[in-house]
Every structure is written in C-alpha cells, then in structure tokens.
Amino acid sequence: MTIERTFSIIKPNAVAKNVIGSIFARFESAGFKIVGTKMLHLTVEQARGFYAEHDGKPFFDGLVEFMTSGPIVVSVLESENAVQRHRDLLGATNPANALAGTLRADYADSFTENGTHGSDSVESAAREIAYFFAEGEVCPRTR
C-alpha cells in the first residue's frame, strides 16, 4: 500500500481545552507520523481563503469567525491510506453522529466547533498542505 499524506487542524475550541498533546498521542497511537506541524492564529483573510468553497453558504461567516477566534494547530500526517484513516479517527463532522472514541465525540462542542478538521481526499490534502506549509516545512520521516 502507498504512503499518503493528509492535513489536520486542531481547531480553536480544542486548543482552548489544552488537548493538543492528547490528540497528537492519538495520531501516533493510530500509526500516523507527524511530519509537519505549527500553531498559528488565522486572519480573517486566511480563514476565508481556506474555506472559500463554502463562501455563500449560511454557515460561512460563523465558521470564519470561529476559526479566527483563537489559535489553531495545523499538521501534516503520514501513513498508509492516511486520508481515510484520519477521517475515521476524527469521526462524523456532526459530533452528534460521531462514534464513541473518535476525536469529535471526545472534543467537539457543536457542528461548527467540532474540534478538528481533516482532508476529504488526497487532492484536498495536497491543496490544504500547500496552503499552510512552504517547501521544506514538511520533513519526511525516514526512521
């Protein structure tokens, strides 16, 4: 099987709960290698650009407001079948539908404040990684 990369965000509500280390531990326990990570505080322009596909939808302004309300942690994760495995670990977007033991079941507060984001395809992962990480900021793990 081919090694893939996926993109992950720990959103402001989960950062505020001080569970970054717990989430990273769950990534690693699930077999992911963290090959890039950083904390940042999105500007309105960055949030609008990242979520541009949702512009015009009723929840867009609230999503931008939430995503700029505090720091986030963006990461690049690597493993076999990374995109699907990461999405399985996150759980359903709506935490009311998230299975017990998933990150959203454990750390989400609402549909918008669902604690985490994960790429939905290999193509989205590549685009999202490039949005936040410059060349050389992702370090392949060889050991």
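Every residue, even glycine, has its Cβ placed from backbone N, Cα and C.
If you look up Swiss-Prot, you'll see Lys11, Phe59, Arg87, Thr93, Arg104, Asn114 marked as ATP binding site, on the strength of sequence analysis. Sequence-distant contacts of Thr93 (ATP binding site), defined by Cβ-Cβ distance under 8 angstroms and a gap of at least six in the same chain, are Arg104, Phe111, Asn114.
Taken from Swiss-Prot, the feature active site, pros-phosphohistidine intermediate applies to His117, supported by sequence analysis. In the three-state DSSP reading, His117 (active site, pros-phosphohistidine intermediate) counts as strand. Around the Cβ of His117 (active site, pros-phosphohistidine intermediate), 19 further Cβ atoms fall within 10 Å across all displayed protein chains.
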- Item | Rounded distance in angstrom between the Cα atoms of His117 (active site, pros-phosphohistidine intermediate) and Lys11 (ATP binding site) | 7
- Message: Quick check on the binding-site residues: of Lys11, Arg87, Arg104, whose CB has the lowest count of neighbouring CB atoms inside 10 Å?
- Response: Arg87
